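First comes the structure, then the notes that go with it.
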């Protein structure tokens, strides 16, 4: 290859014991980045001018802050909103909803109740002229994140929208950190993730200040330090100065060469002083796995 990938990567793979088929798939581009974590945003407002304005405010603020958020739908119809959710249900979502829709057969409150029933993570913000409806939203167990009254005026409403984007995004990232067993990494300001169960190991890269994560169907290099990853993911076991390993995914042990073997043929070195402890742990994991498969 003339693009520099092979020249930089081959010594690294050879030195680290990475399988040749892994290198081949990496060069061919069969390995891809993980899934981008995104907080989906939905706006529902029956006033066309207001809907357009709110959408512009939200979109601009997301771009300015480089949040991993995306407007999935801006609609004047709560019924259309629910239809969209049924067709393409988001994992995480933030809603800005009006309450009254005179031309529709459904109110924003009814839509919010349906959202609560359908989604595991949904932050709801009502944007309405009907301040008297605030108590009802709590009585109906909608538990909105905020209630923005349009009578505050455009400037204050716009500011409230921005504040709720910040707060909604903060709650979303906190939720991810506390509930998802995912391995996350950042490239160019974007956060990607993959299930921890898919991770084979993380290794120092040939490129300074970078590491690479080796997983079931992914091999990605990104900025970082092995020490920071070890601190963030204590389930990964440090077998050598260059490797953090997911022992659950080790498929074999090469005792003669002090190496761990993975399902795709990749291998990692094990430090001499750690080999006995690692061998004991690996044998324990392999035995437990055999028991589960019986």
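Numbering starts at 1 and runs along the chain as displayed.
A Cβ is built for glycine as well, from the same backbone N, Cα and C atoms used for every other residue.
These come from TrEMBL:
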| type | residues | note |
| --- | --- | --- |
| DOMAIN | 40-165 | domain 'Response regulatory' |
| MOD_RES | 98 | 4-aspartylphosphate |
| DOMAIN | 183-284 | domain 'HTH LytTR-type' |
(message) As a test of reading the model: what is the averaged pLDDT for the domain 'HTH LytTR-type' (183-284)?
(response) 90
(request) Provide the number of Cβ atoms within 10 Å of the Cβ of the residue listed as '4-aspartylphosphate', excluding the reference atom itself. (result) 25
(request) Could you give me the DSSP helix, strand and coil counts for the domain 'Response regulatory' (40-165)? (result) 63 helix, 30 strand, 33 coil
(request) For the domain 'HTH LytTR-type' (183-284), give the DSSP counts of helix residues, strand residues and coil residues. (result) 26 helix, 44 strand, 32 coil
